[in-house]
Amino acid sequence: MTARAWASWRSSALLLLLVPGYFPLSHPMTVAGPVGGSLSVQCRYEKEHRTLNKFWCRPPQILRCDKIVETKGSAGKRNGRVSIRDSPANLSFTVTLENLTEEDAGTYWCGVDTPWLRDFHDPIVEVEVSVFPAGTTTASSPQSSMGTSGPPTKLPVHTWPSVTRKDSPEPSPHPGSLFSNVRFLLLVLLELPLLLSMLGAVLWVNRPQRSSRSRQNWPKGENQ
């Protein structure tokens, strides 16, 4: 294997090792709202993430999260019925879902878009959104409460734990966590064959070199 080929193999390995991903840092929180109503979610983050973009996304795929709306600085952004606004002074950002439909129910992530060269994954918090028929009531709990159909500015704000890099001590099984496990296993399966191939290539290159050196060290009498 030439030096150029070896460099190509090494670069490929590094690219696989640096593939950015998303990893849940706490067990999911739940919030509920009525069909046709609205709800708001407030996600907190660390001081070091104050100047970074914040996003709200839905994770239907394995290696990527479809961002629904993302901040650009402190200015608010809107995408259809979903809006987001960052409050750097409070180290939090608020996501508002309006005119809820049954299709809005599911798992979402609120997270911080970190530079992938500095951080290998974006810190996120999982949020489970439930939508119930209008006119019905649900019992509120520490991890869930009802939205309202009033203006967004009067909505109760649901505050989740800070978006940090500390793992929750007691994570609970959830589809979002299963996505992360699948991503991790997929990355391992992609990297392992490459590393084994690189190791085999190194051993194969070194084998003829040792053989040629041993021939050079044979006594001259044996060649005659």
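Each Cβ is built from the backbone N, Cα and C atoms, and glycine gets one as well.
For reference, Swiss-Prot has these:
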| type | residues | note |
| --- | --- | --- |
| TOPO_DOM | 21-183 | topological domain 'Extracellular' |
| DOMAIN | 22-130 | domain 'Ig-like V-type' |
| DISULFID | C43-C110 | disulfide bond |
| DISULFID | C57-C65 | disulfide bond |
| COMPBIAS | 136-151 | compositional bias 'Polar residues' |
| REGION | 136-174 | region 'Disordered' |
| TOPO_DOM | 205-224 | topological domain 'Cytoplasmic' |
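All features noted in Swiss-Prot, drawn onto the structure.
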residue	record	DSSP class
C43	disulfide bond	strand
C57	disulfide bond	strand
C65	disulfide bond	coil
C110	disulfide bond	strand
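Between the C-alpha atoms of C57 (disulfide bond) and C43 (disulfide bond), the distance comes to 13 Å.
Look at the disulfide-bonded residues C43, C57 and count other Cβ atoms within 10 Å of each Cβ; C57 has the fewest. Across the range of the domain 'Ig-like V-type' (22-130), the DSSP-based residue counts are 9 helix, 63 strand, 37 coil.
When the disulfide-bonded residues C65, C110 are scored by other C-beta atoms within 10 Å, C110 scores highest. In this structure, the C-alpha atom of C110 (disulfide bond) lies 11 angstrom from that of C65 (disulfide bond).
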